[in-house]
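Peer 1: TrEMBL lists these features:
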{"type": "DISULFID", "residues": "Cys111-Cys158", "note": "disulfide bond"}
{"type": "DISULFID", "residues": "Cys116-Cys121", "note": "disulfide bond"}
{"type": "DISULFID", "residues": "Cys129-Cys150", "note": "disulfide bond"}
{"type": "DOMAIN", "residues": "1-109", "note": "domain 'NTR'"}
Amino acid sequence: FSSLTTVIRAKVVGKKLMKDGPFGTMRYTVKQMKMYRGFQIMPHVQYIYTEASESLCGVKLEVNKYQYLITGRVYEGKVYTGLCNWYEKWDRLTLSQRKGLNHRYHLGCGCKIRPCYYLPCFATSKNECIWMDMLSNFGHSGYQAKHYACIQRAEGYCSWYRGWAPPDKTIINATDP
């Protein structure tokens, strides 16, 4: 995640179609339950903005039904999300994903995840993890994304590790929760 990324767990409590731009923007009012990333740029998120049209990568969130994990980019003081950002109903996240948010994913902030769309795929630097879920069209909900985390080792190499426990003590800043 870049430094302008925010990651929150929230419930959508309202929505309003804003008449800005040629197609409009949907403004979701959210009740933030927890923030995982973005404290420095926006400690509390009240609104999430997305394109009004799904064909323009807008996301559709249901009001007063679910808690969501929502990632977005902060631009000019507003949080924007879209189909290229990770969002999911909280109760559909695996235990590995939930633990990753709290304890492990930050260990991969120095890593780059390179999607693999067709074989063969190769890492071009030591800090890359090759993401294979795209080969089977699962994307964010694929097996690798659900059960593995890309984590940087002390010597700078990034690798996939299953679950949320570190493979050994050579992981940067690794502490068991």
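Placement of Cβ uses the backbone N, Cα and C atoms for every residue, glycine included.
Computed from a predicted structure; not experimentally measured.
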Peer 1: Cα-Cα, whole number of Å: Cys111 (disulfide bond) versus Cys121 (disulfide bond)?
Peer 2: 17
Peer 1: What Cα-Cα separation, expressed in whole Å, is found between Cys116 (disulfide bond) and Cys129 (disulfide bond)?
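Peer 2: A Cα-Cα distance of 10 Å.
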Peer 1: Calculate the distance in Å between the alpha carbons (Cα) of Cys121 (disulfide bond) and Cys158 (disulfide bond), and round it to a whole number.
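Peer 2: So the alpha carbons of Cys121 (disulfide bond) and Cys158 (disulfide bond) sit roughly 16 Å from each other.
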Peer 1: Sort out for me which one of Cys116, Cys121, Cys129 has the most neighbouring CB atoms within 10 A, since those are the disulfide-bonded residues we care about.
Peer 2: Cys129
